[in-house]
Amino acid sequence: MAATLLHGAALALSLVQPLPPTRLHSPARCASVSMKDYPKPNVENTDNYREGAALSQKLASLAWQGEAKSVAIIGGGLSGLACAKYLADAGHKPLVLEARDVLGGKVSAWQDEDGDWIETGLHIFFGAYPNMMNLFAELGIHDRLQWKVHKMIFAMQQLPGEFTTFDFIPGIPAPFNFGLAILLNQKMLTLEEKLQTAPPLLPMLVQGQSFIDAQDELSVLEFMRKYGMPDRINEEVFVAMAKALDFIDPDKLSMTVVLTAMNRFLNEDNGLQMAFLDGNQPDRLCAPMAKYVEARGGEVRLNAPLDAIVTDDDGEIQGLKLRDGSMITADEYVSALPVDIFKRVMPKAWQKMPFFRQCDELEGIPVINLHMWFDRKLQGVDHLCFSRSPLLSVYADMSRCCKEYADEEQSMLELVFAPCSPLAGGNTNWVGKSDEEIIDATMGELARLFPTEIARDERWPSTLKQGPDGEARLRKFAVVKVPRSVYAAIPGRNKFRPSQETPIPRFTLAGDWTSQKFLGSMEGAVLAGKLAAEVIADRAVGNPTKGVKPVQESIVEAAAAYTPKDPPGVKGSGAIAFGGGAVLSKAGLDLLRETDSAQFDEADAPKAEAEPEEERELAGSSA
């Protein structure tokens, strides 16, 4: 199949006019780029989309069967909201309990004192997100996605200010469009290196998911060495992919993550085509989900933080105690909490159960999301860019890519700073550093990406070598730290991800960290919530469920030796406390040090000025 892929791509190449490598020259020499959206691609004609649609139809068909159940869902992120949406479709009455005053969890956003939106992360929608695409269709909000031209854009490490692309030619089907895009690019890999890349992917194409799952014990680098792939493939491609997929470098990332993504992209014509949401996630995605639930008799409640999951001595769930002292009781319960938060509220009666001890093997990965407003327009692209920087993963000029953030006069860059901690495989613990230190390091990277545009600025020492041509100055910034983001997909973790169904009657798990094939992502969160809804809906009508996923013997042994403790619970009331992200004050960093000391080493000393509140949901000003 790999040989067929290369032969087919070569044939396709012979049928089109030879193209020079698509390259975006130094931004100062480019014409101004305006926002341009493309028609929605055909995302429906894939097996994964049809599978997602079939599950939606199944849940809707159960609405007239059995007794309607009340279901209390802890967490109003994408997974909790998706669970509620599909439970409502199945005729049940969900109650979503969100601790914060905003929906979205890891896709939440808020406005600063200037009215500018601050997002927890830079979120991109792919054509290969079948359950997300089904959800957009079911909510009738497909028009809120701004699809971009079908290409991938990479910064050139050795050529500051220059970019190169993988261009997907319209009309060429998968997998040949992917092979052709690689062959047409003449800047990142030699022809020999491209040919050496194909054979190791042959088992993935032939054996499918079984081969992909089996590679979870190997890191990306270990897989490359096992199959004799050239080191430059890692340097040119896999570093960028790893940091974009899970915020860590290839020597730490499970190869299953990369193969899962590549399998979708190689098998779906428009799998790699990207879209931006046309505005902030809470209003443009989460609000329609909440409205849909409430229109069908459900409820979405904000400012309802959990205090404890209450059980009897045998571990059977009795209810949810909220911080205000009230007790929520329901027929069924769902935790859609991040794994790190769930571990803090896990009832003492469940702690010796091997199923729940699996959580010890899973933890969120730190990441930092940056917003940087400049005093003029930077020349750039209307797309996501892979920076291939030691400090940055991907970035986008949101003033070009997103309608709500559009600005013809000034740029706002949103950047993912990763890896940002030794926990993520980095050399520096940026989580413990001040916002100003992080921004200075980033300005140095931007000076490389935009060498003739970024101004020499005394406030940012990393820019002091800039020449006289640069004029763009940073006027404002926001540093959003997410100490525990998506679960760390290091080798060997997949076997520990628990099923949505649990051994506890009437208690189900959701969240992208639970077992599902789309890993830690928005798509994985939606699918996990949907699968949790399926467990409850099937149980309500007496249908057989998929059962509880088997637990590894090593976990069974560890559980037997474990001494249960009173759960520490969640300390604090800000976004960080509940698994989100925020602009942290010194008080917020001090609280993080107290509740998650693994984020810091002895040398770390937060340098932010003391402030009374633990988190600042506003941007830092460089004026």
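Please read every residue number as a count from 1 along the shown chain.
Quick reminder: no glycine exception, Cβ is built from N, Cα and C everywhere.
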### Query
Can you check which of 450-478, 595-623 TrEMBL lists as region 'Disordered'?
595-623
### Task
Enter the number of other CB atoms within 10 angstroms of the CB of GLU98 (FAD binding site).
28
### Summary
Between the C-alpha atoms of ALA99 (FAD binding site) and PHE417 (substrate binding site), the distance in angstrom, to the nearest integer, is 27
## Note on the structure
Cα of GLU98 (FAD binding site) to Cα of PHE417 (substrate binding site), in Å and rounded, measures 27
### Query
Where SER79 (FAD binding site) and PHE417 (substrate binding site) are concerned, what is their Cα separation in Å, rounded?
25
#### Entry: Output field, FAD shell: CB within 8 Å of site CB centroid, site SER79, GLU98, ALA99 dropped
ILE73, ILE74, GLY75, GLY76, GLY77, GLY80, VAL96, LEU97, ARG100, LEU103, GLY105, ALA336, LEU337, PHE578
### Message
As a test of the contact definition, list every same-chain residue at least 6 positions from PHE417 (substrate binding site) whose Cβ is closer than 8 Å to its Cβ.
### Response
VAL367, ILE368, ASN369, LEU370, LEU391, LEU392, SER393, TRP430, ILE438, THR442
